[in-house]
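**Q** Residues or ranges marked as region 'Disordered' by TrEMBL: 276-302. Under the heading transmembrane segment, TrEMBL lists 29-50, 70-92, 99-122, 142-161, 191-212, 218-238, 343-363, 383-403, 424-441, 461-484, 505-524, 550-568.
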Amino acid sequence: MQQEEAHQSNKWEGYVDWRNRPAMRGRHGGMLAASFVLAVEILENLAFLANASNLVLYLSKFMHYSLSSSANIVTSFMGTAFLLALLGGFLADAFFTTYRLYLTSAAIEFMGLLTLTVQAHIPSLKPPTCALASTEIPCQKVGGQKAALLFTGLYLVALGVGGIKGSLPPHGAEQFDETTPQGRKQRSSFFNYYVFCLSCGALIAVTFVVWIEDNKGWQWGFGIATATILISIPVFLLGSPIYRTKIPAGSPITTMFEVLAAAIYNNCKSKNPSKAVMGMEASPSDRTETSEGEESNTKAMVPSRTPTEDLKFLNKAIKRKPVKPMLDCTVKQVEEVKEVLKILPIFTCTIMLNCCLAQLSTFSVQQAATMNTKIGSLKVPPASLPIFPVIFMVILAPTYNHVIIPFARKVTKTEIGITHLQRIGTGLVLSIIAMAVAALVETKRKKVAVESGLLNSADSLPITFLWIALQYLFLGSADLFSLVGMMEFFFTEAPTSMRSLATSLSWASLAMGYYFSSVLISIVNNVTSSFRLTPWLSGSNLNHYHLERFYWLMCLLSSLNFFHYLFWANRYKYRTTSPC
């Protein structure tokens, strides 16, 4: 009997191994299991960014789209990829495990990259080549079946990336025992090193692979990405014997709609406020409403019988005898929905930051392409510019984890040291500075173009592209602070049953940022064209754009967004603040 009880206590409640058998303590999970996830992230991000960082030039030079159209296609593609992370997170929480979803998504991304590789390799699948400098014979833009093949490949990649982004980070974070301070600290380190590995993959992508694309051909660049994502699958499978995987708990979206519908219905129907039961007998699910993991963060996080006073209108969802059985909600369900709703304002405040980051893949690359990209005798491809923030992130991530955080823990006497919201706020401030710097650099670039008489020329300007590195540096720093802060914030503050979906909000914020960038460009062009003969951001020559004004506009919007963020961040109450 004692042996049986010991065996039961040795299980990870709510987790299984890759064969759907109960996960066991000491055998499954831990830093070793998470290390396989980190290795896979290097390969996965290499495959994705190898082409995404340079895609705007591929679309303009080889598919003959205009600069603004190429920029919008890239932002729409990347926005879709990150937005689909919500679908990945939902499927991981509701139906699949994060383990199975990664394998499926990697296979889908492989098929998309293979399609793009084949198109880049076979000339008949691309539009005819032309002289870009020629104004007499316009270049033939890709169309028909060739365009269909291009977008099929791109959006298969987007679907695969979405599934991976929605499953891989929570899969790694779930490997740690959050019932212990050591486990929670290891999980925090995992998120830091996740971004470190993401940056390592990006470093290889924007240097080696971009050089291959520019010098050996795009079929080789796509081919390397295809091989990389294929290699990531067996690397991920190597960790199978030691992974622990959370058992899907059903659709979290259904729970949210059920609680919201019940609250609205009962608020409308209830004529006597006393009918709304606030302290009543709990259902069996309420008495055992927190999982083992949730209990670790706080023992009074979710009251077992009485709903909290936050978002009180949702408390009406709880009635002793609901009019409709389908609207029968428990205290646990109501509290979980509250937790999700409380993090959504923070999510909305990060969208503007990611709109700024979208410029790294579009206008910043095009700016660098007009400048002198030589360092000594070495000619650097414009799409390799992200090497500056990537190197900085590779250096800063371990420094932050091993130097800054331990120091902050001693000063603040808390387990976390620097809060998630403080990290996100730091990222927002850095994005404001980055947009101001970008505007000043663009003003200088255009001044050089005028003074050198190259305003209407396609020749390189006599100004080094290293000036653009300044905005990359600030935006890269902003990305490091905000992305790690967002991922850990959404994961730890969300209910256990919704963690994959909540973590995906980090990527959804990126998606919304890319989409908003496209919308903002369209709005700016429409508004400015009504006052001028030509809009700010249109045409084939970047020297005629008013990009500096666009950057100043983004600086202003980012500043307003920061004050919006401060309002919500000051009102937010963490689920727990653990002492050291």
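Note: Cβ is positioned from N, Cα and C throughout, glycine not excepted.
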**Q** Under 8 angstroms, Cβ to Cβ: which one of 99-122, 424-441, 461-484, 550-568 has the largest number of such pairs with the transmembrane segment (191-212)?
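**A** When the Cβ pairs under 8 Å are tallied, 461-484 comes out ahead.
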**Q** Tell me, please, if the transmembrane segment (99-122) and the transmembrane segment (218-238) are in contact, taking contact as 3+ Cβ pairs under 8 Å between residues separated by 6 or more positions?
**A** yes
**Q** Could you give the residue numbers and ranges of same-chain residues that sit at least 6 residues beyond the transmembrane segment (343-363) on either side and whose C-beta is under 8 angstroms from one of its C-beta atoms?
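**A** Answer is 52-53, 55-56, 70-71, 74-75, 78-79, 385-386, 389, 421, 424, 427-428, 431, 434-435, 438, 471-472, 475, 478-479, 482, 486, 489-490, 493-494, 502, 505, 508-510, 512-514, 516-517, 520, 542, 547, 550-551, 554, 557-558, 561, 564-565, 568-569, 572.
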**Q** Mark yes when the transmembrane segment (70-92) and the transmembrane segment (505-524) have three or more Cβ pairs under 8 Å (sequence separation 6 or more) and no when they do not.
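**A** Yes, the stretches contact each other.
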**Q** What stretch, picked from 29-50, 142-161, 424-441, 461-484, has the most CB pairs under 8 A with the transmembrane segment (550-568)?
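**A** By the under-8 Å Cβ criterion, the transmembrane segment (550-568) pairs most with 424-441.
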**Q** Let me spell it out: take the transmembrane segment (142-161), skip the flanking residues so only those 6+ beyond its ends count, and list any with a Cβ under 8 Å from a Cβ in it.
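**A** Beyond its ends, the transmembrane segment (142-161) has Cβ neighbours at 48, 63-65, 77-78, 80-82, 84-85, 105-116, 119, 125-127, 229.
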**Q** Report, as numbers and ranges, which residues of the same chain sit near the transmembrane segment (218-238): CB under 8 Å and 6 or more residues beyond its ends.
**A** 36-37, 39-40, 43-44, 46-48, 50-51, 54, 58, 62, 102-103, 106-107, 109-110, 113-114, 116-117, 120-121, 160, 209-210, 212
